[in-house]
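Undergrad: Pulled from TrEMBL, these are the listed features:
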BINDING   27, 30, 46, 49  Zn(2+) binding site
COMPBIAS  288-304  compositional bias 'Polar residues'
DOMAIN    23-292  domain 'CoA carboxyltransferase N-terminal'
REGION    285-316  region 'Disordered'
ZN_FING   27-49  zinc finger
């Protein structure tokens, strides 16, 4: 054997396993690598930093209502494009594209179901449908939802995720601000609770109408909430804006929202508030409030202010 000879090594071949693509997601905020199944089980919330990913209306509904209880209403409504609006492409084509990609007929799902046995009229906006913009169909469905709540004597919960009024419908979309606000006014006259939940983003005409009229207004953490965007405001007033301007934490500090609730805690929080507003007292832990479709106490007799609600929550 040569002193300077190079020994030969045996080669071991290992069959490469086929690993499915798309199993992992890098958090857009903290860069943590997360298994997509874990992300979905956590309601599209990063388990490390609590960053909230966009979530579909259907997934929100599933996370809030009792399984198998949700019944959609007015799901067949679609815009007829009365203005025949055309920008870079016809509005009708934009609609069909969104319908095909989302499986929805417009930017909101409305219906009713039970939240821990409390019958509730529920509307959930979906930002993936044309930026959650409010057109004639969204306004009509919100109005009909409120009227349904009045007829059935149910509390109403609306979850907003919107870029504002839909420009392709012009004045027809703007009039929905007055229409939905008037409907909320009629709900209030009947002493029925209305809870508004603001998610990222909630802006424009949606914020300036039904989204800001809740008896209790809840926001998700770090949600962008406002009328005009921060860049537009800054360019208009020619001044720097405070840090965190139009974020939910800033609005809570200045009294424009009542509380900030993590997505995973939203169902329990809604049940607590609804049971308080309906019965005049907070539900105790593990207490089954039961169906509220029958008699309900007047909210003028013991429903309490937001401050009393917060106090009762801390005591409970």
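The backbone N, Cα and C atoms fix where each Cβ goes, and this holds for glycine too.
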Undergrad: If you run the three-state DSSP split on residue 46 (Zn(2+) binding site), which class comes out?
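TA: Its secondary structure by DSSP: coil.
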Undergrad: On a count of neighbouring CB atoms within 10 A, which of the binding-site residues 27, 30, 46, 49 is highest?
TA: 46
Undergrad: Cβ within 8 Å of the Zn(2+) site centroid (27, 30, 46, 49 excluded): which residues?
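TA: These residues sit around the Zn(2+) site: 28, 29, 31, 32, 34, 47, 48, 50, 51.
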Undergrad: Which whole-number mean pLDDT does the model give the zinc finger (27-49)?
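TA: Taking every residue of the zinc finger (27-49) together, the mean pLDDT is 92.
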Undergrad: Determine, from DSSP, whether residue 27 (Zn(2+) binding site) sits in helix, strand or coil.
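TA: Going by the DSSP assignment, residue 27 (Zn(2+) binding site) belongs to neither helix nor strand, so it counts as coil.
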